[in-house]
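**Student:** Questions regarding the structure given below will be posed in turn.
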Amino acid sequence: MPAKKVNPDLQKERNTATFNPREFSVLWAGGEEQYKEKKTLEKLFLEDPALQDDLPISYLSHKELYEHSLRKACIIGEKIRKLRADGEDGVDTYNALLGGSLGAAILKEGNPLALHYVMFVPTIMGQGTMDQQVEWLSKAWDCEIIGTYAQTELGHGTFLRGLETRADYDATTQEFVINTPSLSAYKWWPGGLGHTANHAVVVAQLYTKGEFRGLAPFIVQLRDSDTHSPMPGIDIGDIGTKLGMKGVNNGYLGLKNVRVPLNNMLMKNQQVLPDGTYVAPKNSVLTYGTMMFVRCALIRDTAQSLAKASTIATRYSAVRRQSPIDPNQPEPQIMDHTTQQLKVFPQIAKSIVFKTTGDGIWNMYNVISGEIEQGNLDRLPEMHALSCCLKAICSADATAGVETCRLSCGGHGYMDCSNFPTIYGMTTAVCTYEGENTVMLLQTARYLVKVYGQALNGEKLVPTVSYINDAVNQKKFVNFDGSLESIVKAFQFVAANKTRIAYEQIELRRKQGHGTEVAANLCGTFLTAAADLHGRAFLAQTAYTELFALSRNVSPALADVLKVVLELYLVDACLNRIGDFLRFIDLTDQDVTQLEVRLENCLKRLRPNAVTLVDSFDLHDRVLDSALGAYDGNVYEHIFESTKKNPLNKEPVNAAFHKYLKPFMKAHL
């Protein structure tokens, strides 16, 4: 039952839009050149028959899905090789294929080779000496070796000091002896570790001359280069099925007296000399560069997840007709219900704000990385704090947003063919990998408490926390007039006061005789609340600054839409934290009512352009992979087509009827 034309309700929405969708598509892609590159990559990858699925992967077994995913991953890898040979493998290509929408279109449940490119190679680049990079990088780039990054253990994750894997240096052979001394020390979760990678960067507690030195990364060969059999002392396998990311081949790894040469320890930041002498890093946080890199990338990934979910929900909302608003009129598009708009439209706004913020953080990371390479570590704590809280907030909000979009589609959103289950599974995983979100917020809070103390001493703070200087000197917020600028300033004032309370609570516990760490634990809820508001204040400021800047460089028609998106985001964000605003700012009942009325007005103003705005995300139907969100809007036809692919429907009577049901029904005769 192939779709032949666009659903008329969806087409009407496009016909009445007030701006040109291509203009925003180019903006979303990063510019005209990036937009063209995106289209070229889509043609190269999405039109390749070898990368298409005849059967929905939800019908595959765990083993079949891995083999299917690895086959596709190798085809992608071969295409990347060719792009590299032609000099066309830019950062955007890797982002699109490994963390972006293009990769998700080809491998819905994740790529078993992703960590090779995303973690293994960057770790060698970031933590290996020049000699080590010469030795390992060409092999890794050419995929002569396949690697992963093994840090998390069965018993320990974000708390790195608790890792149990141990590397003892043997000066007589100039080798490290690596062991996982207990079951809880087994490496657990690394993507591709199960049956794909033959090497790994293994993070272990380093001991030389009998002394503990801290964490260090080691390149360890896991499997034979020819037979792929596990190397001696290696216990390795796949950890099994999961909520999402089912094709990633997450694995476990045990090591028993595994010896690796001295030069297999990555030594850009710290060294072990042949006699066992340890040379400490200039700054211990330098070893965390790979994780910071990935967290910055994840912020943009959450924007893509929300863009997909909101596109599906918006298109479905334009096609689905239900529940008359006026009993005397036909059933309306469900997008005409204000409550439906409130579910879906803020998710569109968040996706745009998260993307804008993610681009800014990515650029900031690249600048600060350059400063670090020159030995300037001044802004490293600021970058670490920002990447931690934004990773936590954006992943949590995106996960909640995907679920809200699913609920907005009613029962049909529960079907696999909606693609919401897969999008949700991939998005919620971000809440726990590369740092569990609560721990990430606590990392940020430690920084905030420290800089608050500096502000009290009159020190001038870096730009992202300079609002704390202002709040220390301004005890009361004045002139909340409801303008967007005042909402941003109010967010910063509230965030500063949340940090003040966390600081004061910790100081109170210290005076009661508690040590710093115990005091921080007792104040955990104050600390996470401070970090959360700091991140949201940064998002508000970035949205205000960047979207206004964008609106000055686009057509007046698109500028008007971007201003509505900005207002919707800020007013919605304010109302979602209205309790904190009321606590620190003298808002009246009328002030709050006006914000609520403005929110409804924003929904109403965005309504005529909602479909065209999500169209402008320019998400290929293969990327969405949703019966509810296809560009043609023929929802019911696509749902029915999906049932025809169900293997259960290939025969009119399933064998289980004769084997089980019929004997059961006839048993009483």
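Even glycines carry a Cβ here, placed using N, Cα and C.
Straight out of TrEMBL:
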| type | residues | note |
| --- | --- | --- |
| ACT_SITE | Glu434 | active site, proton acceptor |
| BINDING | Thr152, Gly191 | FAD binding site |
| DOMAIN | 20-146 | domain 'Acyl-coenzyme A oxidase N-terminal' |
| DOMAIN | 149-258 | domain 'Acyl-CoA oxidase/dehydrogenase middle' |
| DOMAIN | 288-449 | domain 'Acyl-CoA oxidase C-alpha1' |
| DOMAIN | 484-666 | domain 'Acyl-CoA oxidase C-terminal' |
**Student:** Taking only the Cα atoms, work out how far the residue listed as 'active site, proton acceptor' lies from Gly191 (FAD binding site), in Å, as a whole number.
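**Tutor:** About 12 Å separates the two Cα atoms.
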**Student:** List the helix, strand and coil residue totals of the domain 'Acyl-coenzyme A oxidase N-terminal' (20-146) as derived from DSSP.
**Tutor:** 95 helix, 0 strand, 32 coil
**Student:** On the 0 to 100 scale, where does the mean pLDDT of the domain 'Acyl-CoA oxidase C-terminal' (484-666) fall?
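**Tutor:** Averaging the confidence scores along the domain 'Acyl-CoA oxidase C-terminal' (484-666) gives 96.
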**Student:** Minimum Cβ neighbour count within 10 Å among the recorded positions Gly191, Glu434: which residue?
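**Tutor:** Each of the recorded positions Gly191, Glu434 was scored; lowest Cβ tally within 10 Å is Glu434.
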**Student:** Relative to the Cβ of Thr152 (FAD binding site), which residues of the same chain, six or more apart in sequence, are found under 8 Å away?
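**Tutor:** Within the chain, Thr152 (FAD binding site) has Cβ neighbours under 8 Å at Lys187, Trp188, Trp189, Pro190.
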